[in-house]
Amino acid sequence: MAASLPKEKEDKVPLFHLKSHRLYVLFMIMLGYFSLVYMRTNLGITMTCMVNSTAVVLSTSTNTSYLKEIVHADSCPQAQNDNSLVNDYGGTLVWSSSVQALLFSGTFWGALVTVMPAGYLADRSSSVLLMQAAAFLYIVCTAVLPYLAVNWGYGYVFVSRVIMGLGEGVLIPSINTIVTRWFPADERSTAASLYTAGNQVAAAFGNPAAAALCASQFRWPSVFYLCSTIGTVWLVLWRLTITNSPSKSNCISDRERAYLERKIPKAKPQSKKDHVTPWKAMLTSMPLWTLFVCQFAANTIVVFMQIYLPSFFKEVLYLPMVDNGLYSAAPSIIQFVVKVFWGMLMDKLKKKKVLSVTATCKISQGISCFSTAVVFILIANYSSCTNPLLALGLICVIAGGFGLAISGFYISMLSLAPAHTGTISSLSMLVGILGRLTTPEVVAYFKVYGTLDEWKNIMYFFSVLLLVSGLMFCVFGSGEHQEWGMIHPSATEEKELSKLESLDQGAEDVIAEDCAYPDIVSS
C-alpha cells in the first residue's frame with residue numbers, strides 16, 4: 001500500500017486548506033483555550049470594579065493627608081479634576097490587596113494538585129475527555145462565583161477558585177498531547193502560536209466586554225455569567241466533534257489521515273508497561289532545566305499581563321473603566337499578530353533547513369527575553385498618568401516580544417521527548433504554577449497603595465528574571481529530540497519492519513521521517 005501512494009509533495013494536505021480537518025481541530029483547541037482562559041482571568045478586570053478602592057486604601061491608613069501626597073505624587077489631571085483620593089470604579093466589596101492576591105492565586109493552588117497526575121493520564125488515556133472534565137469544573141465555578149462573593153464572602157470564593165484550578169492542572173498537558181498526535185513537527189510552531197492565541201483573544205475580546213458590562217446596569221456579575229455560557233457552548237461542540245488522534249476521527253479524509261500517519265511517528269509503545277518514564281535522565285537534563293527556568297519566568301509575566309495589567313492601568317494611569325478595558329485589550333492584539341507570523345516564519349525556515357529547531361528556539365527565546373527585560377525598565381522610569389499612551393506603547397512592545405517565546409521555550413517543550421510530552425508538560429506546568437504563585441506574592445509585597453514607586457519595584461523584578469532566563473536558554477536550551485526521550489521499537493516491531501523492508505523498498509514512508517522524533521513504526 002505504501003508503494004502505491006504518491007510522493008509526499010503530491011500527497012501533502014496543507015494545514016491551511018478548506019479540506020484540512022486538523023485546521024478545524026486547531027480552531028477548536030484555540031476556542032477552548034480562549035473560553036477557559038477567559039473564565040480564569042476575568043477576575044483581573046472585574047476585580048477593579050468589584051472592590052471599593054477608596055475603602056480599601058482608607059482601611060490601610062487613616063492618614064488622609066499622607067495618602068493624598070503619595071497617591072497624587074504625579075499630579076494626575078484626572079485625579080485633580082475628580083478631587084478623589086484614588087481611582088474608584090464604584091465597587092462594594094472591601095477586599096484588601098492581600099485578599100485579592102489570595103483570590104488570584106486560588107486557581108494555581110488547585111492546579112498543583114492535578115498537574116502531575118494530568119501528565120501521566122494525558123500520555124496514557126483520552127486527552128479529549130480530560131479537557132471536557134476541566135471545562136466542566138471551570139464552567140460551574142465561574143457561574144457560582146458572584147453568588148459566593150456577595151453572600152458568603154471571599155473565603156468561599158477562594159475555595160471555588162481552588163476547585164477551578166483542579167481543571168487548570170489538566171489543561172496544558174492535555175492540549176500538548178493532542179497537538180503532538182495531530183500535527184507534524186514542522187507545523188507545531190504555527191499550531192502552538194495559533195492555539196495559544198486563545199490567551200490573546202480572551203484579553204482582546206474579554207477585557208473590553210467585561211469593562212462594558214461592569215459599567216452597565218448589569219454590573220460585574222454579568223461578566224461571569226457570560227463566560228460560563230461561552231464555555232458551555234464550546235464544551236458541547238468539543239464533545240461532538242473532536243477525537244484524540246486522526247486514526248479515531250470519522251471527519252478526516254483518508255488522504256489527510258494517511259499523510260498524518262506518515263508524518264507523525266507513533267509516540268507510544270505497543271504495551272503500557274513498556275512506557276517507562278526515564279526520570280533520572282530527564283531530571284538531570286540541562287536543556288529540560290533551562291526550559292523550566294523559562295517556564296517560571298514566562299508564567300510570572302503571564303499573570304501580570306492577564307491579571308494585574310488592569311490594576312496597573314487603573315492605579316498608575318488613572319484610566320476610566322471602559323478605557324481600562326480597551327487599553328488592556330491592545331497588547332493582546334499585538335501579541336497575537338506578532339507570535340502567529342513569527343511562528344509561521346520559524347516553521348518556514350525549518351522546512352527549508354535554513355535554521356535547525358534548536359536555532360529557531362534560541363533566537364526566538366533570546367529576542368523575547370532580552371527585549372522585554374529592557375522595556376520593563378523603561379516602563380518603570382517613564383510611565384505616568386500624564387502620558388498614558390507612552391505606557392500603553394511600551395506594554396504593547398512587551399506583549400509582542402513575549403509572543404516570540406512560543407517559538408522558543410514552548411516548542412522546546414514539545415520537541416525534547418514527544419513520547420513523554422504529557423509528563424514533561426506536567427513538570428513544566430508545575431514549575432509554571434510556582435511562577436504564577438510568585439507574581440501575586442511579589443505584587444502584594446511591594447504594592448500597598450498602588451503608586452508608581454511601588455509598581456517600579458515589580459517591573460525591576462520582572463526585568464531581572466527575564467534576563468536570567470534568556471541567558472540560560474541561549475547557552476543550554478535545545479529543540480532537538482533528546483536521547484533519553486527515545487522509545488525504540490520492540491522485538492515484534494523490528495520483526496514487522498524487517499518483513500516490510502523485504503517486501504517493499506518504499507516501506508520507509510511508514511516510518512517517521514522527522515529526525516527530531518523516535519523511529520517507531522505506525523501500526
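Cβ from N, Cα, C; glycine included.
Per TrEMBL, the feature transmembrane segment maps to 21-39 (among others).
The annotation domain 'Major facilitator superfamily (MFS) profile' is assigned in TrEMBL to 25-482.
As annotated by TrEMBL, transmembrane segment applies to 101-122 (among others).
What TrEMBL records for 129-150 (among others) is transmembrane segment. Through the fold, the transmembrane segment (129-150) approaches residues 32, 35-36, 39-40, 42, 50, 93, 118, 121-122, 156-157, 160-161, 163-164, 166-168, 170-171, 173-175, 178, 220-221, 224-225, 227-228, 231-232, 234-235, 238-239 of its own chain, all at least 6 residues removed from its boundaries and within a Cβ separation under 8 Å.
Residues 28, 31-32, 35-36, 38-39, 42, 45-46, 128, 131-132, 135-136, 138-140, 142-143, 145-146, 206, 209-210, 213-214 of the same chain sit 6 or more residues outside the transmembrane segment (223-240) yet have a Cβ under 8 Å from a Cβ within it. According to TrEMBL, the transmembrane segment annotation covers 223-240 (among others).
What TrEMBL records for 288-313 (among others) is transmembrane segment.
The transmembrane segment feature in TrEMBL is assigned to 325-345 (among others).
Panel annotation: around the transmembrane segment (366-383), residues 294, 297, 301, 316-317, 390-391, 394-395, 397-398, 401-405, 408, 452, 455-456, 459-460, 462-464, 466-467, 469-471, 473-474 of the same chain, lying at least six beyond its termini, place a Cβ under 8 Å from a Cβ of the stretch. Taken from TrEMBL, the feature transmembrane segment covers 366-383 (among others).
Annotation comment: TrEMBL describes 389-412 (among others) as transmembrane segment. Below 8 angstroms of C-beta separation, residues 188-189, 192-193, 196, 287, 290-291, 294-295, 298, 301, 305, 309, 316-317, 327, 330-332, 334-339, 342-343, 346, 357, 360-369, 371-372, 375-376, 378-379, 382-383, 473, 477-479 of the same chain, each at least six residues beyond the ends of the transmembrane segment (389-412), sit close to that stretch.
Taken from TrEMBL, the feature transmembrane segment applies to 424-446 (among others). Within the chain carrying the transmembrane segment (424-446), a Cβ under 8 angstroms from the stretch's Cβ atoms is held by residues 97-98, 101-102, 104-105, 108-109, 111-112, 115-120, 122, 169, 172-173, 176-177, 282, 288, 291-292, 295-300, 302-304, 307-308, 413, 416-417, 454-455, 457-458, 461, all 6 or more beyond its ends.
The transmembrane segment annotation in TrEMBL covers 458-476 (among others).
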Positions whose Cβ lies under 8 angstroms from the transmembrane segment (458-476), at least six residues beyond its ends: 286-287, 289-291, 293-294, 296-298, 300-301, 304, 361-362, 365-366, 368-370, 372-374, 376-377, 379-380, 408-409, 412, 442-443, 446-447
List, by number or range, the same-chain residues at least 6 past the transmembrane segment (21-39) whose CB is under 8 A from its CB atoms? 15, 131, 134-135, 138-139, 141-142, 164, 167-168, 171, 175, 178-179, 182-183, 191, 194-199, 201-202, 205-206, 227-228, 230-231, 234, 237-238, 241-242, 246, 249, 251-253, 256, 260, 306
Can you work out the mean pLDDT of the predicted model over the domain 'Major facilitator superfamily (MFS) profile' (25-482)? 85
